Amino acid sequence: MSCVLGGVIPLGLLFLVCGSQGYLLPNVTLLEELLSKYQHNESHSRVRRAIPREDKEEILMLHNKLRGQVQPQASNMEYMTWDDELEKSAAAWASQCIWEHGPTSLLVSIGQNLGAHWGRYRSPGFHVQSWYDEVKDYTYPYPSECNPWCPERCSGPMCTHYTQIVWATTNKIGCAVNTCRKMTVWGEVWENAVYFVCNYSPKGNWIGEAPYKNGRPCSECPPSYGGSCRNNLCYREETYTPKPETDEMNEVETAPIPEENHVWLQPRVMRPTKPKKTSAVNYMTQVVRCDTKMKDRCKGSTCNRYQCPAGCLNHKAKIFGTLFYESSSSICRAAIHYGILDDKGGLVDITRNGKVPFFVKSERHGVQSLSKYKPSSSFMVSKVKVQDLDCYTTVAQLCPFEKPATHCPRIHCPAHCKDEPSYWAPVFGTNIYADTSSICKTAVHAGVISNESGGDVDVMPVDKKKTYVGSLRNGVQSESLGTPRDGKAFRIFAVRQ
């Protein structure tokens with residue numbers, strides 16, 4: 001499996017994961033031997049820690065917490081421990097400030113996740129959680145689906161960060177953080193970039209295999225664990241307890257490297273992958289005819305914006321009421337009657353109002369409405385404005401959600417909003433976004449406009465979500481929000497050209 005780049009992300013938070021090539025699974029001793037090629041020749045017995053102790057504890061705790069809560073449940077998920085050699089190998093690579101997986105000779109025996117950001121502080125745990133959040137795009141392959149290869153089903157740009165984190169037999173981790181004065185990230189030079197590298201052993205992401213076995217937790221642990229289980233993870237007490245670290249003594253010994261013979265495995269046969277289906281474009285605006293009734297077309301959530309054709313003024317379609325129109329009325333002729341459209345057609349927004357006791361006739365703008373003295377569902381019409389925005393405007397600023405519904409203008413976005421930094425133009429979520437997100441940068445993330453040309457979009461404010469999951473799409477990395485305190489959400493849609 002090769003490493004995949006999800007597109008250019010010039011600013012903000014980025015993530016990658018290394019795919020597995022599936023050649024061998026040597027032990028940590030080989031890892032040490034390979035690592036020695038990247039260490040300085042000077043003889044010294046002690047080296048500085050590559051990551052603060054509190055960050056190390058956060059990374060390890062979060063990995064084990066996430067591994068223990070996978071769904072469907074895992075029967076053979078092993079408890080993960082920290083490995084100093086993996087930490088040193090991660091530090092050696094992070095110090096190179098090269099935005100790619102490496103070194104090449106080490107990747108045959110370890111898994112690797114990379115993250116980078118600049119600007120405001122991000123803890124290592126933020127990166128780890130964002131890697132795990134790819135679970136939303138991953139579908140677990142059950143044994144009945146593996147014949148003999150398990151299908152690879154990832155509906156997002158990448159799921160291999162997640163699968164490496166929850167690979168059952170990966171039980172060692174070591175990470176490092178390095179601040180790079182300058183680092184080239186997909187063609188863009190970042191200054192003071194924070195580079196986060198995590199190395200894993202044994203490596204995961206083997207092609208055609210599920211990341212873990214499904215079943216009752218700890219029911220299929222390796223015999224070496226002796227039947228012990230902790231928080232749904234196969235667990236054994238470590239015989240070696242490291243000495244407590246202090247700020248003055250935050251160092252580790254460099255152990256000698258013993259000689260050892262290694263058994264090499266034959267390369268695995270890789271199945272050809274099928275091209276992924278492209279998702280259909282969603283539109284909020286529905287194209288209707290002069291005789292389209294509101295009750296016939298208004299179904300579902302995208303029931304508030306319609307494109308009316310020209311020539312409806314003299315059409316025979318009926319409308320009932322004044323101000324409040326009965327649901328069997330023509331949408332377009334009601335808009336002309338109210339005065340927001342003329343015979344040239346155009347956009348109209350609908351607001352549903354529930355039942356009213358009766359509807360009174362009137363003649364307005366050349367259209368005669370009828371009376372109906374019978375309780376029925378009703379709706380109102382309103383004019384759609386078109387508004388030019390910059391790359392920073394949010395739905396919270398423009399048209400926040402209010403019950404029963406809020407109508408936003410049709411928005412014209414400028415080009416190149418993807419290039420704006422996340423602290424000025426953040427994006428939170430996937431598919432449904434927090435209303436503190438940049439509207440136009442969100443439109444690029446959602447794929448409804450091109451970054452190079454910009455364009456028109458429709459937005460629909462909705463009530464808030466409990467969580468927002470970040471993802472990398474169309475070169476934009478959106479962020480996750482676990483417990484948003486305030487604010488609502490919105491959906492974003494393409495506009496028919």
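A Cβ is built for glycine as well, from the same backbone N, Cα and C atoms used for every other residue.
Per Swiss-Prot, signal peptide is recorded for 1-22.
Look at Swiss-Prot and you will find N27 tagged as N-linked glycosylation site.
The average pLDDT the prediction assigns to the domain 'SCP' (62-200) is 92. Sequence annotations record features per position, and here Swiss-Prot assigns domain 'SCP' to 62-200.
If you look up Swiss-Prot, you'll see 284-379 marked as domain 'LCCL 1', on the strength of sequence analysis. Within the domain 'LCCL 1' (284-379), the DSSP-based counts of helix, strand and coil residues read 12 helix, 36 strand, 48 coil.
As annotated by Swiss-Prot, disulfide bond applies to C290-C308 (among others).
The Cβ of C312 (disulfide bond) has C290, S330, C332, R333, I336, L341, D343, G345 as same-chain neighbours under 8 Å, each 6 or more residues away in sequence. Here Swiss-Prot flags C312-C332 (among others) as disulfide bond, drawing on sequence analysis.
The residues of the domain 'LCCL 2' (385-488), classed with DSSP into helix (H, G, I), strand (E, B) and coil, number 15 helix, 32 strand, 57 coil. According to Swiss-Prot, the feature domain 'LCCL 2' maps to 385-488, an assignment based on sequence analysis.
Of all Cβ atoms in the protein chains displayed, 27 besides its own lie within 10 Å of the Cβ of C413 (disulfide bond). What Swiss-Prot lists as disulfide bond is C391-C413 (among others), and the listing cites sequence analysis.
What Swiss-Prot lists as disulfide bond is C417-C440 (among others), and the listing cites sequence analysis.
For the disulfide-bonded residues C290, C417, C440, the greatest number of Cβ atoms within 10 Å around a candidate Cβ is found at C440. Taking CA atoms as the reference points, C391 (disulfide bond) and C440 (disulfide bond) are 5 Å apart.
C308 (disulfide bond) has its Cα within 10 Å of the Cα of none of the disulfide-bonded residues C413, C417, C440.
Of all the disulfide-bonded residues listed (C308, C332, C391), C391 has the fewest other CB atoms within 10 A of its CB.
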